[in-house]
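I have placed the structure first, in the form of structure tokens, so that the comments after it can refer back to it.
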């Protein structure tokens, strides 16, 4: 089934003439539209003489490839670490809160996960969340819940199947539903997914005008954290079918990275922390365009990007040397069999 998606066009005018039309592709979900509109708003603030119109197009990367759209806005966590040939991530915007949030059934208002009755059923669509939370809260039961944010909230509120559901805090905030958040899960309870909370702008790699235009949206701290996280996942050969979790932080000139892999039931876990120096304020030393795990960031220090990518790879290899491959292979096989 090919999902239809809306295509918002932005035309930039300068010196009395239209220089080009920027066509932005988005999926039809409410969250996808909100995310795309936020990027369009940022671009319009930077390039004031722009107008907007709406079209419809088909599957997003195909539309990019066929030159039907110029920009596609994604949740970065949904983008694979290896993009198809000819595409690149031209901008990663400042990250929202990357942590997961607990949304309670109205009857459980005022509680947190630890105070819910024993055997309460918690809904989550994520193997990563389920693996960590099963280990952390063994008195609770975890079941799959499908659908977009609207659908999952409706299932929670209108039925009695779930005591609570776990969702990304960033998505709830972008939808204006922060009031539904009962608890933000800290890293000790549940580390987040690679790229979670960050928006990515995907473009054609050869479209230098568009690259230059969107690259001003790059947020250097977020770029370095996400490049490191994506390098970690790529080195592990992980994906959404295995429980891989991360926590990154930039403090001064240091990038700190904690990464972990889990069995599906959370019983087996390998976790480690590493850090590296990243000189964010250093000017880009290379005129050469460099791509790091699908991200082109010419306005971010190339030495800092290289250090961030190496950190993610080194951390992954440290876990692989301790047996992460076996845990991930078993998790993948078990998930495929279910």
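The backbone N, Cα and C atoms fix where each Cβ goes, and this holds for glycine too.
Features of the protein shown, as given by TrEMBL:
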DOMAIN    49-211  domain 'Porphobilinogen deaminase N-terminal'
DOMAIN    224-286  domain 'Porphobilinogen deaminase C-terminal'
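Counting residues of the domain 'Porphobilinogen deaminase C-terminal' (224-286) by DSSP class, helix then strand then coil, yields 13 helix, 26 strand, 24 coil. Mean model confidence of the domain 'Porphobilinogen deaminase C-terminal' (224-286) amounts to 90 (pLDDT, 0 to 100 scale).
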